[in-house]
Amino acid sequence: MAFVTRQFVRSVSSSSTASASAKKIIVKHVTVIGGGLMGAGIAQVAGAAGHTVVLVDQTEDILAKSKKGIEESLRKVAKKKFAENPKAGDEFVEKTLSSISTSTDAASVVHSTDLVVEAIVENLKVKNELFKRLDKFASEHTIFASNTSSLQITNIANATMRQDRFAGLHFFNPVPLMKLVEVIKTPMTSQKTYESLIDFTRALGKHPVSCKDTPGFIVNRLLVPYLMEAVRLYERGDASKEDIDTAMKLGAGYPMGPFELLDYVGLDTTKFIMDGWYEMDAKNPLFQPIPSLNKLVAENKLGKKTGEGYYKYK
């Protein structure tokens with residue numbers, strides 16, 4: 001009986017320890033690496049939700065531009081959200097801005113953060129170098145997340161010693177308006193990390209969806225092949241790009257046709273995704289190179305941002 005009692009006590013003790021170790025991280029302090037549109041957007045929504053945020057980029061000039069963009073975006077949100085109470089809108093803007101600080105030295109700020117969200121250039125080597133460096137300075141409990149839309153999270157996580165505290169957090173542009181966040185769980189991501197990130201995205205007022213570490217996750221894995229099939233249809237001469245766009249808007253209820261969307265997203269961005277997928281699985285017919293896309297990118301006709309892509313813009 002004494003043996004059974006000892007075993008029971010030991011079992012309860014072990015369960016309590018396991019339960020304590022499995023406790024979720026409540027994210028309060030967030031470090032966002034990258035002051036571009038995505039990084040600034042993530043910093044904005046995190047600050048607006050009451051988190052303490054540090055936005056990091058390479059120069060003060062970039063960060064000043066980021067902060068200006070955040071303020072302009074916040075004022076648009078406030079104008080709509082507090083239409084009948086402009087004073088409350090001004091207070092919302094000021095409070096959010098006061099919760100977002102900036103830094104050009106990521107290593108010096110990650111030691112006290114709960115979550116690092118990376119939103120830098122889509123280059124595996126650059127991301128790996130960043131996370132490998134930050135891994136040495138961040139607290140043991142700190143979760144790392146990448147906002148990549150095309151690279152495998154596992155390949156980025158492997159640059160660190162915290163694969164169990166590493167996941168994907170894929171926000172959508174523009175971050176303040178788009179409700180969806182894809183939470184990517186690798187085979188090494190712990191349940192505690194995953195649940196902590198689900199809670200974090202909900203705290204931002206977003207709707208999280210879960211996905212394994214598969215190419216393109218959910219949205220891009222379905223969206224990009226659709227866009228490429230539209231281009232192949234056009235390249236074969238089966239239909240004009242104008243008629244394809246009209247058909248998908250009027251027949252499928254899409255707000256933009258595939259060629260309009262390609263030009264809006266940027267042809268270079270789409271080509272980057274396709275090249276990466278082709279490299280991973282060259283035999284997949286959906287990942288085959290697109291001649292017209294490659295030609296336009298080579299000519300620096302990248303869509304709306306350059307004034308010409310599949311369409312011309314004034």
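Placed from the backbone N, Cα and C atoms, the Cβ positions cover glycine too.
The feature NAD(+) binding site is assigned by TrEMBL to Gly34, Gly35, Gly36, Leu37, Met38, Gly39, Asp57, Glu122, Lys127, Ser149, Asn173, Lys305. Per TrEMBL, CoA binding site is recorded for Ser73, Lys80, Ser149. TrEMBL lists 29-214 with the feature domain '3-hydroxyacyl-CoA dehydrogenase NAD binding'. Per TrEMBL, domain '3-hydroxyacyl-CoA dehydrogenase C-terminal' is recorded for 216-313. Annotation comment: TrEMBL describes His170 as site 'Important for catalytic activity'.
Cα of Ser149 (CoA binding site) to Cα of Met38 (NAD(+) binding site): a distance of 11 Å.
Counting every protein chain shown, 16 other Cβ atoms lie within 10 Å of the Cβ of Gly36 (NAD(+) binding site). The Cβ neighbour count for His170 (site 'Important for catalytic activity'), using a 10 Å radius and every protein chain shown, is 24. Closest to Gly34 (NAD(+) binding site) in space, going by CA atoms and restricting to the recorded positions Ser73, Lys80, His170, is His170. Summarised by DSSP class, the composition of the domain '3-hydroxyacyl-CoA dehydrogenase C-terminal' (216-313) is 64 helix, 3 strand, 31 coil. Rounded to a whole number, the C-alpha distance linking Lys127 (NAD(+) binding site) with His170 (site 'Important for catalytic activity') is 15 angstrom. Least crowded of the binding-site residues (Lys80, Lys127), judged by neighbouring Cβ atoms within 10 Å of its own Cβ: Lys80. Across the fold, the C-alpha of Lys80 (CoA binding site) and the C-alpha of Asp57 (NAD(+) binding site) stand 30 Å from each other. With Ser73, Lys80, Ser149 listed as the residues that bind CoA, the site has a largest C-alpha separation of 30 Å. For Asp57 (NAD(+) binding site) paired with Ser73 (CoA binding site), the C-alpha to C-alpha distance reads 19 Å.
Between Gly36 (NAD(+) binding site) and Ser73 (CoA binding site), the C-alpha separation comes to 13 Å. Of all residue pairs in Gly34, Gly35, Gly36, Leu37, Met38, Gly39, Asp57, Glu122, Lys127, Ser149, Asn173, Lys305, the annotated binders of NAD(+), the farthest apart have Cα atoms separated by 25 Å.
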